[in-house]
């Protein structure tokens with residue numbers, strides 16, 4: 001069962017709170033400039049919450065990530081803004097009971113609608129089950145699949161169907177939209193095979209969805225925390241893997257250079273950040289804290305460099321568990337990463 005049970009399947013944005021120093025643009029912070037998304041919102045930075053940790057439960061993890069979106073918003077609200085690019089809050093999707101598949105479909109449709117209007121979509125998780133739903137929305141938007149307008153909940157065909165049976169969505173897709181690369185900064189592959197979707201299955205689900213178009217880069221993998229079958233699955237799917245130890249041997253600038261080179265291979269990028277890639281002292285508030293981890297300096301360098309290419313269409317930041325966080329430390333890291341990514345993406349668009 002999902003640990004957040006007071007929200008409907010979709011809820012409109014609430015009031016943002018945070019420090020207020022004055023009314024003018026010279027005092028701008030997220031809380032003072034962000035507005036609610038409208039049906040015609042376009043070319044904006046669109047935040048969308050996903051209050052879900054049913055996938056974490058199914059994966060035998062520590063629940064609590066469903067409270068992640070509000071914790072991130074709470075910290076992000078006080079961060080200063082140094083541009084006039086529009087930022088909108090597109091609300092929150094919430095898993096109802098154990099109906100993970102239903103909320104994933106809702107999230108996919110809302111992501112699709114936002115991306116179709118050329119918004120940069122930043123999804124606040126939620127467990128890593130977030131990423132299958134968000135990528136499916138990106139895939140549909142790029143290939144003109146699914147809903148174009150209207151309420152995301154108006155049509156929910158195939159929700160009862162197993163998510164693992166929906167690979168036919170890639171049928172008929174052409175190369176005209178260009179290739180999409182996934183960069184996942186994560187200690188875990190999340191390529192597990194299971195009867196139902198979990199927080200450990202999203203990228204295998206994506207591979208089944210898009211077929212031979214699957215292009216997966218996963219950086220920060222902890223060898224002791226991933227079994228041989230997961231390494232074999234990654235190899236079979238052609239995943240490009242960088243271990244945590246390999247990243248630690250690089251400087252932040254070398255990591256940034258790798259990120260830039262990786263993005264040059266693709267027209268579109270889906271950036272996913274699982275906060276458990278960070279050391280436990282920097283990100284204690286996750287389901288599975290890292291025994292080693294990759295320092296924030298390296299993860300931040302990668303994220304900023306990826307955003308600076310101007311190719312990022314979708315970002316999800318996942319696995320924040322406020323119930324085990326220390327002094328909002330992990331929420332602060334998540335908010336800073338989001339602010340950095342958004343600033344770099346806006347600067348790239350301006351150029």
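Including glycine, each Cβ sits where the backbone N, Cα and C put it.
All annotation found in TrEMBL is predicted automatically rather than curated by experts.
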From 90-118, 119-147, 148-176, 177-205, the residue range that TrEMBL assigns the feature region 'Disordered': 148-176
Further Mn(2+) 1 ligand in TrEMBL, beside 128, 186, 190, within candidate set 40, 43, 274, 276: 274
Cβ packing number for residue 276 (Mn(2+) 2 binding site), 10 Å threshold: 29
Helix, strand or coil at residue 186 (Mn(2+) 1 binding site) [DSSP, three-state]: coil
Residue 276 (Mn(2+) 2 binding site) and residue 190 (Mn(2+) 1 binding site), Cα-Cα, nearest whole angstrom: 12
Distance, residue 276 (Mn(2+) 2 binding site) to residue 186 (Mn(2+) 1 binding site) (CA atoms, angstrom): 7
